[in-house]
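Only one structure is covered here, and it is reproduced in the block below.
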Amino acid sequence: MGSWAVMRHSHQTAKNPMTSFNLHKQKFKTAFRQILSEGDSYEIGEAALPAYAHPNPLIDWLFWERIRVAYDFAGSREGGQNVLDFGCGSGVLSYLLAQDGCSVTACDVNFGPLDVVREKVAFPSSIEFVEGDILAGGLKEGSFDVIFALDVLEHISDLDPYVVEFRRLLKPDGVVVVSGPTENLFYKIGRRLAGNRFTGDYHVTNIAHVKAAFEREMRVTILKKLLFPVVLFEVFIARPE
């Protein structure tokens, strides 16, 4: 058993991975509800905090399932993992991975929502927080085993430079894990159910466009499609050719 697998096992001897995930999920949902009860902003809405805190079981599943899939994927890889959480948003995934012993770099162009969440949740001190655009440089070539880009790339109109940068930052056997919305009618209805504060105005593209950008540079494999009753979100992994 690899060191990552041993590490994860040691963290979860008293509870299985799903139980651990659900405990952390409830911690963040409580924090998000406290934040929203104190007032919110456009940024908090677009970080989807209202959706992640939503009492509707369908909305809850739709938004948290993508994080769970990414979390489980990281846990399936043996050996110590150095990961980049690109567009870390509220920091949920960074928190989960750091709790399991991953070396995490959390990056976003705007730490506004994250700063609010960090007032409610104590994040592991091991996380390196980097505010800014990764295209500005500063991250070492070939340094990451996994790059996570969950529900963020649909906000970027010119994806090609980011795909090239992801490839530069990956180790030779590294992977990128991407999720994003289809932006079809059912997704838009779901977003409306999540609340008017989550407008989706930042979305300039969809997962099909994002996937096509990666396919020009890497080999893409679908990890999961979230269906209800049609595909609302896709999660895929991309590996350098």
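Including glycine, each Cβ sits where the backbone N, Cα and C put it.
Just so you know, TrEMBL annotations never went through curation; they're auto-generated.
TrEMBL annotations:
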DOMAIN    84-178  domain 'Methyltransferase type 11'
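On the 0 to 100 pLDDT scale, the model's mean across the domain 'Methyltransferase type 11' (84-178) is 95.
Helix, strand and coil residue tallies for the domain 'Methyltransferase type 11' (84-178), in that order: 31 helix, 29 strand, 35 coil [DSSP].
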